[in-house]
Amino acid sequence: MDTVQSARSYSPRGSGSQQEGGPDGPTPPGFSWPWLVALCTLGIVICYADRSNISTAVLPMAQQFGWDKAYQGVVLSVFFGGYATTQVLGGKLADQFGGKMVLAAGVALWSVFTFATPAAAAAGTLPLLVARVMLGVGEGVAFPSIHSLISRNVPAGNRTTAVGIVTAASYAGTALAFGVSPWIISNFGWEMVFYSFAGLAVLWLPFWLPVVTLDKFRSAPSSPVASMESDTEAASSAAVAAAAEKAAAAAAAVSSSGNGNGSSSSAVASTTDSWALLKRREVWAICGAQYAQSWGMYGLLNWLPTFFSEFYKVELADLGSYTLLPYVFQGGLGAATGFLADWLLRKGWRVGTVRKALQVVGMLGPAACLCLAVSPLVGASASVASNLITLGLGFSALTLGGVSASHLDIAPRNAGLVFGAGNTAATLAGLVSVPVTGYLLQTTGSWPLVFGITAFHYVAGAVLWAAWAGDRQLPEDGAPVANATTSAAAGK
């Protein structure tokens, strides 16, 4: 079975002896993890552009088709119903068969239904809702498959950076949609928003399909947790390894008594139940934090143009100048957060300290800024409110070094599954928050109430994360990962 090596240092880049580009030894010809991460980043830009364009297009669509706020909330939120159905499934498929084709299938599916949205809207309620659900089904596999690819293809010392860059691409895609959609609508009509964004997949797929990936762990995978343990922490890893060996031996004995040909390696596989991870509080901490912060993320994503249009009376053609900057700033800081987290870990900071500090600040900051954005202190200044929301989303980008990387710490072998579980919780938040916001606006017209509820979710999520977040591989993940000191060096 896999063993835990004795070395515990987090090596700087360039000190390893492995072949360049491979996280776990020699790599096949043409493999390049930076190129893989770059293409994944572009895929997420397209993903979020395709889902975010309707947040601006819904304004002229509502005028044309006579939609009220409650119905707009349904149209915006039904996407999350489809999105939730493929989170865990996509992660599990990617963990088992590799994430490359799972992601390719998702991109193709969501692009088809992005293109079909105008025709579906004209055809009536049912076709439109089906198109929105299927858009969610396709996009649901994107992040789980990409995180599974990161856990198998990117060296341990670069994984948080990769997560930060890829996740920051979601903000870039949102910024692209918010920045370009008003101009497209003003000049070509709202239908062209969907046609043009759907065509982006045609440019991406020819580069993605030939890419070389490492679909399986070819040796014991390295994790940031294992590679950064202190000598004191090494004892606990050894204990996990010993426990796994005992379990393997016991299972082998049972297998041998039953059919006489059991092996320890098959016993390990038979006694490891990856689904048991979903019972751990460390995984629930991921789910809770994802739900809480996504209540705000998806609420802002879907209602921000409407907020500026109604609360501050900003014209449609001018919306881009108010809704674009927050996501540009968030994307830039999000990418930097990945580098910051990996740098702190290389400097000897404990994994738990880095994950908890970035996550808590990344949730309490937005809570404060959102409350200020609708307070009397701001008055009628749309620019001040935009700056506060920009600052708040900047704070939230810090979570890319927290919950967004935690599954790589606690379950490197089942990263896709655990990420899928967390993203399912995040999706449920969107499924609930978007229509609830629409209902509240329809019945009360109170944006301070909407932002106050969002702030409460941020605070509750921060408390839960600080109490339950984990920082080491869980036994349910399977055999302990190897502590390869050269893993961090493979990205030179």
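Each Cβ is built from the backbone N, Cα and C atoms, and glycine gets one as well.
Checking TrEMBL for transmembrane segment across the ranges 60-81, 324-345 points to 324-345. Within the chain, the transmembrane segment (324-345) has long-range Cβ neighbours (under 8 A, six or more residues past its boundaries) at 10, 157-165, 167-172, 174-175, 178-179, 224, 228, 300, 304, 351, 354, 358, 386, 389-390, 392-394, 396-398, 400-401, 405. On the 0 to 100 pLDDT scale, the domain 'Major facilitator superfamily (MFS) profile' (36-473) averages 83 in this prediction. Nonlocal intrachain contacts for the transmembrane segment (102-123), taken as residues 6+ away from its ends with a CB within less than 8 angstroms of a stretch CB, comprise 40, 43, 46-47, 50-51, 53-54, 61, 65, 86, 90, 93-94, 130-132, 134-135, 137-142, 145-146, 149, 190-191, 194-195, 197-202, 204-205, 208-209. Same-chain residues lying 6 or more positions outside the transmembrane segment (357-378) and placing a CB less than 8 Å from one of its CB atoms are 289, 292-293, 296, 311, 337, 340-341, 384-385, 388-389, 391-403, 447-448, 451-452, 454-456, 458-459, 461-462, 465-466, 469. Long-range contacts of the transmembrane segment (384-405) within the same chain, counting only residues at least 6 positions beyond its ends with a Cβ under 8 Å from a Cβ of the stretch, are 159-160, 163-164, 167-168, 171, 224, 285-286, 289-290, 293, 296-297, 300, 304, 308, 311-312, 322, 325-327, 329-331, 333-334, 337-338, 340-341, 354-370, 372-374, 378, 422, 465, 469. Looking at which of 31-49, 129-150, 192-214, 283-304, 447-468 has the most CB pairs under 8 Å to the transmembrane segment (417-441), the answer is the stretch 283-304. With a threshold of 8 Å between CB atoms, the same-chain residues lying at least 6 positions outside the transmembrane segment (192-214) that come near it are 22-24, 27-32, 35-36, 39, 42-43, 46, 49-50, 53-54, 56-57, 98-100, 103-104, 107-108, 111-112, 114-115, 117-118, 149, 152-153, 177, 181, 184-185.
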